[in-house]
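*Asks:* Here it is, the structure in full.
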Amino acid sequence: MTGIEQKTPVGGSETGGADGLYAVLPLRDIVVFPHMIVPLFVGREKSIRALEEVMGVDKQILLATQKNAADDDPAPDAIYEIGTIANVLQLLKLPDGTVKVLVEGTARAKISKFTDREDYHEAYAAALQEPEEDAVEIEALARSVVSDFENYVKLNKKISPEVVGAASQIDDYSKLADTVASHLAIKIPEKQEMLSVLSVRERLEKALSFMEAEISVLQVEKRIRSRVKRQMEKTQREYYLNEQMKAIQKELGDSEDGRDEVAEIEERITKTKLSKEAREKALAELKKLRSMSPMSAEATVVRNYLDWLLSIPWGKKSKVKQDLNFAQEVLDAEHFGLGKVKERIVGYLAVQARSTKIKGPILCLVGPPGVGKTSLARSIAKATGREYVRMSLGGVRDEAEIRGHRRTYIGSMPGKVIQSMKKAKKSNPLFLLDEIDKMGQDFRGDPSSAMLEVLDPEQNATFMDHYLEVEYDLSNVMFVTTANTMNIPGPLLDRMEIIRIAGYTEDEKLEIAKRHLLPKAIKDHALQPKEFSVTEDALRNVIRHYTREAGVRSLEREVMTLARKAVTEILKTKKKSVKITDKNLSDYLGVEKFRFGQIDGEDQVGVVTGLAWTEVGGELLTIEGVMMPGKGRMTVTGNLRDVMKESISAAASYVRSRAIDFGIEPPLFDKRDIHVHVPEGATPKDGPSAGIAMVTAIVSVLTGIPVRKDIAMTGEVTLRGRVLPIGGLKEKLLAALRGGIKKVLIPEENAKDLAEIPDNVKNNLEIVPVSRVGEVLKHTLVRQPEPIEWTEQENPTAVPPVEDEAGASLAH
């Protein structure tokens with residue numbers, strides 16, 4: 001690099017002449033003063049290049065402290081403008097790539113501007129001159145500084161006593177001020193302030209001020225250390241420790257109003273309605289506490305235990321409201337629909353009004369996300385007048401989260417059940433256990449097994465927490481749990497009363513949007529009702545084309561989007577109001593996300609609409625089948641699991657056994673391959689409920705008869721052609737209604753479940769119970785297949801086909 005050779009000589013700038021050009025070394029967490037010799041460890045590439053450049057041409061370098069030590073590549077404005085010109089005495093490269101350099105500060109300098117050099121920092125700077133001052137005043141200050149510095153070093157053990165001797169021999173008072181400043185334990189900005197001061201008198205005054213402040217702090221620290229040391233020597237003597245505690249209380253002014261801690265705990269034990277076992281345990285622990293030193297670690301453990309034992313509610317009950325009309329009003333006002341849950345709650349209150357011995361029910365609300373399970377629990381608490389506490393079980397894997405840690409462990413505490421009871425402050429709250437199906441288990445135990453005791457009405461009256469070690473009565477607690485699926489261990493499931501919340505119909509969603517979601521959006525976005533309105537047709541359009549869910553969470557997000565864009569439009573265009581209609585809806589929400597109506601526009605061969613149940617509600621399931629020349633292979637695709645594959649095999653075997661009744665020549669099976677595909681290919685699918693849909697698809701493919709586009713179906717099929725019942729009927733019917741299906745075929749054994757289906761679903765769908773495959777094909781195929789006569793030519797004594805239970809409806 002030849003640019004360094006063109007630098008202005010440093011000598012001119014030391015005398016206050018024109019600016020010189022210097023390589024700049026930014027420093028972290030250190031300020032180098034003139035006359036100091038300091039070792040530095042340099043690791044940044046720019047800094048190493050600057051040092052190599054200076055060493056190569058034997059020039060001086062400018063040391064400037066950066067404002068933020070964490071900044072790896074500081075900008076010019078992130079470096080203090082006052083620095084120190086220094087000579088590089090020695091440079092040593094270390095094995096790890098860093099450099100150790102020994103520098104000696106010579107003079108203060110002020111940076112005027114940085115150059116645009118990229119390989120290292122470079123700047124123009126001029127050495128600064130010290131002003132002429134009164135020598136007598138400076139000498140007096142210097143003597144005070146040396147005296148205070150001697151006291152400072154005596155108190156601060158980190159500084160070598162030899163430094164005091166060296167400082168007292170310095171005749172140059174400027175050098176004395178800088179030497180003292182470099183050894184002070186003050187912050188970097190304060191040291192930089194000392195460097196920036198040119199006046200020797202001001203520097204000595206600042207050094208004196210900083211030292212006096214530090215000496216005061218160090219003296220207090222010394223007194224504290226001495227006092228602690230004396231106290232430690234007396235720890236074995238209880239009398240003196242107690243006297244010391246009294247002395248401390250007197251110093252704090254608490255002696256008059258303060259109360260004896262043991263007496264206070266004893267009074268709390270007397271006033272609290274503890275059980276007999278808990279009272280005996282509390283008194284035993286109190287007796288133990290009396291004999292302990294108050295400062296011992298064990299005393300702290302006992303105090304914490306007694307505090308927990310006395311803080312949880314013992315026999316403190318909320319007055320449960322028994323007004324059935326009030327409860328019904330609260331539940332109806334905050335949640336639309338959900339009649340079965342409301343009926344169960346009101347029924348419990350009715351029985352409780354007649355009998356005080358009834359135990360709290362343990363309800364499990366099972367349903368897809370967004371149907372209001374968690375918020376319903378809060379409404380139940382309000383309707384019954386109970387305190388509300390919530391405990392989320394999602395991801396809980398440690399049994400100690402439920403039962404607590406034993407007191408042998410440091411930092412142990414009760415489990416979340418007891419902690420929540422303390423938070424409730426009453427012994428009969430409504431306790432929500434959220435996401436109970438999301439609990440896991442690992443080497444630390446199985447929390448679902450620990451929940452068995454909590455949720456068993458026969459056992460939870462004597463719930464034992466590992467920390468408390470006494471029985472606690474949970475029988476008055478009303479437990480409500482929520483889950484998305486029934487994926488809950490059997491013994492735990494058996495202890496709960498399952499209430500399914502299948503999801504909302506379109507009309508229910510519309511009412512929820514009008515009663516709850518729109519007013520909430522208006523309130524949350526600081527709108528006035530007259531400023532923002534959405535027509536009923538627009539809301540219905542949002543439900544149909546922008547959401548596809550069992551709950552209303554996505555619907556709420558879309559309504560919030562409308563409100564947010566309405567606020568933006570009002571502020572931008574100064575409109576007085578925004579009205580969302582069916583016509584301008586797409587301007588606010590964009591293109592439609594979902595298609596509402598039938599999946600296919602025409603009747604097609606081999607294309608059948610089935611119905612599926614998922615964790616988020618029901619879905620339409622398209623099943624496609626094609627036939628091609630081959631060797632009789634059956635191919636299934638669409639990420640199907642074992643049960644569904646077996647269902648397809650059973651359907652294919654059934655069709656093959658009844659081939660002549662469907663007008664299919666048996667040799668055709670050996671000459672054709674059939675491929676059944678279930679979109680979407682990336683989504684795993686399982687279950688037997690698509691059996692009759694598979695039979696319909698295979699028969700349609702082999703006969704060439706199209707399937708009606710407006711029919712959906714669900715039901716398991718047997719090898720004898722019977723249609724078996726399925727689960728999740730309500731969710732599947734809601735999915736059919738959302739998809740614009742006109743007719744739904746369900747198993748005859750599920751007809752009894754129609755009583756729980758909302759009337760508007762039954763009124764808008766033609767629901768046909770079927771018990772045989774023959775009945776299914778009558779409804780699903782555009783025309784019925786004609787049976788054929790067929791005999792085995794190679795085997796004249798062919799066994800006549802066995803007529804199955806569906807034969808009567810198909811043959812002849």
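Cβ from N, Cα, C; glycine included.
Relevant sequence annotations retrieved from Swiss-Prot are reproduced here:
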DOMAIN    22-215  domain 'Lon N-terminal'
BINDING   GLY367, PRO368, PRO369, GLY370, VAL371, GLY372, LYS373, THR374  ATP binding site
DOMAIN    602-783  domain 'Lon proteolytic'
ACT_SITE  SER689  active site
ACT_SITE  LYS732  active site
REGION    787-812  region 'Disordered'
*Asks:* Can you check how the pLDDT averages out over the domain 'Lon proteolytic' (602-783)?
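*Replies:* Its mean pLDDT is 90.
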*Asks:* Give the distance between the Cα atoms of LYS732 (active site) and SER689 (active site), rounded to the nearest whole Å.
*Replies:* 11
*Asks:* Have a look around VAL371 (ATP binding site) and count the other CB atoms within 10 A of its CB, chains all included.
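*Replies:* A count of 27.
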*Asks:* Can you give me the same-chain residues 6 or more apart in sequence from GLY367 (ATP binding site) with a CB-CB distance under 8 Å?
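*Replies:* GLY367 (ATP binding site) has long-range Cβ partners LYS373, ASN484, ARG500, ILE501, ALA502, GLY503, ALA550, GLY551.
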*Asks:* Using an 8 Å cut-off from the Cβ centroid of GLY367, PRO368, PRO369, GLY370, VAL371, GLY372, LYS373, THR374, can you name the remaining same-chain residues around the ATP site, in sequence order?
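*Replies:* Everything else in range on the chain: LEU365, THR482, ASN484, ILE501, ALA550, GLY551, ARG553.
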*Asks:* Starting from the Cβ of THR374 (ATP binding site), draw a 10 Å sphere and report how many other Cβ atoms land inside it.
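*Replies:* For THR374 (ATP binding site), the count of other Cβ atoms within 10 Å is 16.
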*Asks:* In whole Å, how far does the CA atom of PRO369 (ATP binding site) lie from that of SER689 (active site)?
*Replies:* 23
*Asks:* Using C-alpha positions only, work out which of the binding-site residues PRO368, VAL371, GLY372 is nearest to SER689 (active site).
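*Replies:* Nearest listed residue in space: PRO368.
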*Asks:* Look up GLY367 (ATP binding site) in the DSSP assignment and report helix, strand or coil.
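*Replies:* Once the DSSP labels are grouped into three classes, GLY367 (ATP binding site) ends up as coil.
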*Asks:* Which of the three DSSP-derived classes (helix, strand, coil) applies to THR374 (ATP binding site)?
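*Replies:* Assignment for THR374 (ATP binding site) reads helix.
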*Asks:* How many other Cβ atoms sit within 10 Å of the Cβ of GLY372 (ATP binding site)?
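*Replies:* Result for GLY372 (ATP binding site): 24 other Cβ atoms within 10 Å.
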